Amino acid sequence: MGFGILNGISIGLLNLSLGFNSVGFYQMTKLAIIPCTVLLETLFFRKKFSRNIQLSLAILLLGVGIATVTDLQLNLLGSILSLLAVITTCVAQIMTNTIQKKFKVSSTQLLYQSCPYQSITLFIVGPFLDGLLTNLNVFAFKYTPQVLFFIVLSCLISVTVNFSTFLVIGKTSPVTYQVLGHLKTCLVLAFGYGLLHDQFSWRNIMGILIAVVGMVLYSYYCTVESQQQKASESSAQLPQIKEVRS
């Protein structure tokens, strides 16, 4: 129940952060999630990130920052919402990974159990916050069939996104999921330029290329360290196997 409520709060705060900040500051908020996750996992879970991993993440964040961050307009309310959004998102994603591994549940089981509480949280808190912060009543909006169609379509897409999110975090880690999310950002920029003919500068191109280098390095170092860990575990088990046989 607590996990579902926390996820609902995280989603709401991210949307509020986008609503009360400039797009550039919102992108900075998303960039802050990786270092915050690394810090929390290091402090509370004693997880170690090698220098190579840290360097690849720094290159990735630099590239995405160059490609996406433009204007940085600060305001007190927006800054507070962004800070809360970063903290709740990091904790929720770490819990997604921890719960699946600790209780040996699948991503589908965790999503099935937490979604009702997440939905109830957003349904109760969402309209109240909308009215408080924007002076608009969500129930007073004229919902045409076309609007309802896109709302339902958005919900179906969100279910798919939630499922893939839980699956990726459960099989990998919260940091890897954030790296994948920044790859999505780069792809959105590239597809926007290729399909929709959005404006594209050399700064965007350079940022995407730097980010891709960071992603490749992160994938490479994660693979190498994973193989080294498996090799050390197997070598540590060999003496035990010999003792049992003898």
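Note that Cβ sites are derived from N, Cα and C of the backbone, with glycine treated the same way.
Just so you know, TrEMBL annotations are computer predictions that nobody has curated.
These come from TrEMBL:
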DOMAIN    15-219  domain 'Sugar phosphate transporter'
TRANSMEM  25-45  transmembrane segment
TRANSMEM  76-99  transmembrane segment
TRANSMEM  120-141  transmembrane segment
TRANSMEM  147-168  transmembrane segment
TRANSMEM  202-221  transmembrane segment
Near the transmembrane segment (202-221), which residues from the same chain, at least 6 beyond its ends, have a CB less than 8 A from one of its CBs?
50, 52-53, 55-68, 176, 179, 182-183, 186, 189-190, 193
In the same chain, which residue numbers or ranges, 6 or more beyond the ends of the transmembrane segment (120-141), come under 8 angstroms Cβ to Cβ?
4-5, 8-9, 11-12, 16, 19-20, 147
